[in-house]
Amino acid sequence: MVKVSSSTTSSSSSSSPDEESDLQNLLEESDSQIDQFRISDEAAEQRPTFDVESLRSRLRRSFKLNLTKKQSIFIFLPIVIILIYLSTDFSNYFSVKVPNSAFRSNTLTGRVHESDLQALYLLRKQESDLFSIWNHTVSNLSTIDDVKSAVFRQISLNRQIQNALLSPHKTGNVDIGGSSDGYFAGGSCRKVDQKLNGRKTIQWKPRPDKFLFAICLSGQMSNHLICLEKHMFFAALLKRVLVIPSHRFDYHYSRIIDIDRINTCLGRTVVVSFEEFWKKDKNRKKHHHVHINRFICYFSKPEPCYVDKEHITKLKALGITVGGKLDTPWEEDIARPSNKTAEEVEANFRSDDDVIAIGDVFYANVEREWVMQPGGPVAHKCRTLIEPNRLILLTAQRFIQTFLGKNYIALHFRRHGFLKFCNAKNPSCFFPIPQAASCITRLIEKVEAPVLYLSTDAAESETGLLQSLLILNGKTVPLVKRPARDSAEKWDALLYRHGLEGDSQVEAMLDKTICALSSVFIGASGSTFTEDILRLRKDWGTASECDEYLCANEQPNFIADHE
């Protein structure tokens, strides 16, 4: 037993130094680790709770990638671009503001070029017109009115040139530069001062039982109205009541003029219709017909009284008889009427007979200045004695309000049957349409009227050509004619309500009235239709200083040979 114990003891003794050495190493390592943990804990106590630098250091250690420079740029550059795009408004950086002048330069250049060409054309036109004025004044002693008119046309043309040059530089409705309007007080086409205070008149105070039977046979309605006005003068001189002819012998005057209004204007009965005369004539009650005691002819040539057998037959059909032969107090030719005085008329046509007739006095030339003055030679309280009846006047006013307005030019463009009539005169008054259009355009330019009313008997082919040639400043000036009857239009309602529609004489008087109310009137030389319009304009106070005959002071640039 003792032997076994000895061997164990011996083994333990031999291993003891090595074990001590290992134990010592373990103790040192343990102490070292304990010291490290202690130091680490002390440092942790000294650091803030969220140490960013420590976190970044640990992240770098955790996520450290072995990337090259190119790889880094490839990865991070798109991210940077996306972030910048989301956080920045690029609209202000990429929108380019180009000045308006850059876009307008081409347009403005074109407008300037166009206006320069227009101004050059107008300057050449002005030069031509000035030469024409110069040549005209050298060869003729022009009146001051002609010179004023010509000068104004050039001023108007000069104004157009100014506007043409300034037009590219205008914006909106701004007017650049001055105006010459201030130099023309009252405008370029002022109303004519009729000086009514200086009228020379005669009192018409007829004897109630003495009558003058009007005989008007020459020409159309306008001739008859002028003839009727002269008959009024004769009736006033002879102190007689004037009998208006029957529509069965003459025109239907009661549809065109207001006969009762004439009596109102004078404050007494001075005119009666044929029907009224028939009722009150004392001879008719005895003999059952109207008797003309004396028939006096103003003209003896080419035939007495300008009355033929046909008219005598018509008078008899009315129940009118003529006593004795046609009487002629003097030698007077229609082709060459002489000037007569009021005293001569009174001396040669005075009679004690109850009913006398004088015919035809349309061509009579008695106290012309007296007869032609505004309002006529008879004293009255109206503007004129013979004027359209109230229905026609109102219809004309409604037409003007509907289609024309206040400022318009009226043109009486006589064509039918006028070519032969005018070419028999020297100079001729029948103008080619292009020449007529040129004359009309000049007046439109002067008046500055936006529209032209056309009273004409011309064919559509002629009026169509005229319309196409009426161009001012590149714009067509509209021609307005009375349209055909349309139930949708109400301006002419008064006429058809009173049964006057479709009457050619009513329509002619309506045309006259519209022309008489215009701002400026262009008439046809030699036409009594025009002369009656001028009479109305003079009496109504609508006459303008610019009123004229078509192409006045000009001759047709082409005249056909005679047959």
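Glycine is no exception: its Cβ is also placed from the backbone N, Cα and C atoms.
The substrate binding site annotation in Swiss-Prot covers H412, F413, R414, T528, F529 and rests on similarity to another entry. Annotation comment: Swiss-Prot describes 1-16 as compositional bias 'Low complexity'. Here Swiss-Prot flags N135, N140, N339 as N-linked glycosylation site, drawing on sequence analysis. Feature annotation from Swiss-Prot assigns region 'Disordered' to 1-25. What Swiss-Prot records for 73-93 is transmembrane segment, and it gives a curator's inference as the kind of evidence.
Here the features listed in Swiss-Prot are placed on the structure.
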residue	record	Cβ within 10 Å
N339	N-linked glycosylation site	9
H412	substrate binding site	23
F413	substrate binding site	24
R414	substrate binding site	22
T528	substrate binding site	20
F529	substrate binding site	22
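Cα of N339 (N-linked glycosylation site) to Cα of R414 (substrate binding site): a span of 29 Å.
Those same-chain residues not listed among H412, F413, R414, T528, F529 yet with C-beta within 8 angstroms of the centroid of the substrate site C-beta atoms are S455, T456, G523, A524, S527, T530, I533. In the three-state DSSP assignment, the secondary structure recorded for T528 (substrate binding site) is helix. Max Cα-Cα distance over the annotated substrate binders (H412, F413, R414, T528, F529) is 13 Å.
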